[in-house]
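K.L.:
Sharing a structure, written as structure tokens. Questions coming.
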Amino acid sequence: MDYDFKMKTQIERTKVEDLFNYEGCKVGRGTYGHVYKAKWKETSDGKEYALKQIDGTGLSMSACREIALLRELKHQNVITLIRVFLSHNDRKVFLLIDYAEHDLWHIIKFHRAAKATKKQVVVPRGMVKSLLYQILDGIHYLHSNWVLHRDLKPANILVMGDGNERGRVKIADMGFARLFNAPLKPLADLDPVVVTFWYRAPELLLGARHYTKAIDIWAIGCIFAELLTSEPIFHCRQEDIKTSNPYHHDQLDRIFNVMGFPQDKDWEDIKKMPEHHTLTKDFKRSTYSTCSLAKYMERHKIKPDSKAFHLLQKLLLMDPNKRITSEQAMQDQYFQEEPQPTQDVFAGCPIPYPKREFLTDDDQEDKSDNKRQQQQQQQQQQQQQQQQQQQQQQQQQQQQMNAEPNAKRVRLSGAGNQQDFHHQQQQQQQQQQQQQQQQQQMMFNQQQNFQRFN
């Protein structure tokens, strides 16, 4: 390309920083880049936008895919791509999209945190219904246009704040989305592992090669259950590490602990799954004989005879061929009973959820990630030290018992001394239980933060 022409084009090209104020207004980081809250410089209407800066140098395949899809997709419940900015100096790419003040990850987190203060814990029932209906509406539009989202999770379900589209759901992050208008081509050959583990359908975990729209429906079922209970239904401790092997033992174990082990009559094609042999080798049906979705939801005060449970059951059928479609789900009786779903999921009520916080330093989030990793390493080291100390104490106690058996008998012969000994044992057991509970809570919080950014 002629150098003079290149320089002239570069000067004439519209720059994102010339049109928008966004410096110091970073609001988050997604899978593919940073997100900024932006406003037009030349207008005073106060309308807010989101600028998604794609990581890397230039256009990656995932960025090209997201741009190509968003330019074609137009629906009220799918995020709108307004404009694309290319910076040739530093090879940065910016997507100008709708700005949503909230998302389901933060909304559910807000209600889960309320448990500590004994306030209202669950998301209001009417709001759950409105959220679910709009998610289904958006996914029905995608599926009708031969698009699989493939990475549905609470962090990718945005909710608009105050404004013209108040309380409207926007499905975002189309970087994993795929066209499936050529069903003979194995989609698994492109990306063997997609969708965050907690929301991944069982057929994906068993290596299905020709998966369908049903994977998005399963993820919606997981989100629905999480909205009803404020807890991820298939929470798994193991970190989400992208690999070429789709099989994930711990995630399958978690699903079976909630749903029970699938019966052959309920999922006839399970024997055709590539990882079926591994499944039969690793799991026993009898282990999960007392597990069921009804029991799990009943523990969270969702009755098995409720219409909400009946719809959830259809969304979370193990057999993808029997799983309900988005169109069928929208016609379910759950949406016919009061309260009816509303366009504003907040139903005109004040919004209780805090607005997104600014990250004034561009590297602040990366630093927080490093800090979190350092904290995790320190906690692991502390745990190892505690375990070593406990082992040393046990060894010392064992040596004392072996060296002084007679003295031990004398010390324990008195009633008062025996009570002191038992009291010490109880204190040690209580301390160990407290440490275990703290470790479990710490691991859960780490998983929540990890799942949000992946």
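Keep in mind that glycine also has a Cβ here, set from the backbone N, Cα and C atoms.
For reference, Swiss-Prot lists these features for the protein:
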{"type": "ACT_SITE", "residues": "Asp151", "note": "active site, proton acceptor"}
{"type": "BINDING", "residues": "Val27, Gly28, Arg29, Gly30, Thr31, Tyr32, Gly33, His34, Val35, Lys52", "note": "ATP binding site"}
{"type": "COMPBIAS", "residues": "373-400", "note": "compositional bias 'Low complexity'"}
{"type": "COMPBIAS", "residues": "424-454", "note": "compositional bias 'Low complexity'"}
{"type": "DOMAIN", "residues": "21-335", "note": "domain 'Protein kinase'"}
{"type": "REGION", "residues": "342-454", "note": "region 'Disordered'"}
K.L.:
Using Cβ atoms only, which residues of the same chain lie under 8 Å from Val27 (ATP binding site) while being at least 6 residues apart in sequence?
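P.N.:
Val35, Tyr36, Lys37, Ala50, Arg356, Glu357, Phe358, Leu359 - these are the non-local Cβ neighbours of Val27 (ATP binding site), listed in sequence order.
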K.L.:
If one measures from the C-alpha of Arg29 (ATP binding site) to the C-alpha of the residue listed as 'active site, proton acceptor', what distance in angstrom results, rounded to a whole number?
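P.N.:
Approximately 16 Å lies between the Cα of Arg29 (ATP binding site) and that of the residue listed as 'active site, proton acceptor'.
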K.L.:
Mind giving me a neighbour count for Gly33 (ATP binding site)? Other Cβ atoms within 10 Å of its Cβ, every protein chain shown.
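P.N.:
The Cβ of Gly33 (ATP binding site) has 21 Cβ neighbours within 10 Å.
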K.L.:
In whole Å, how far is the residue listed as 'active site, proton acceptor' from Gly33 (ATP binding site) when you measure between their Cα atoms?
P.N.:
16
K.L.:
Counting every protein chain present, what is the number of Cβ atoms, excluding its own, within 10 Å of the Cβ of Arg29 (ATP binding site)?
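P.N.:
Its Cβ shell of radius 10 Å holds 19 other Cβ atoms.
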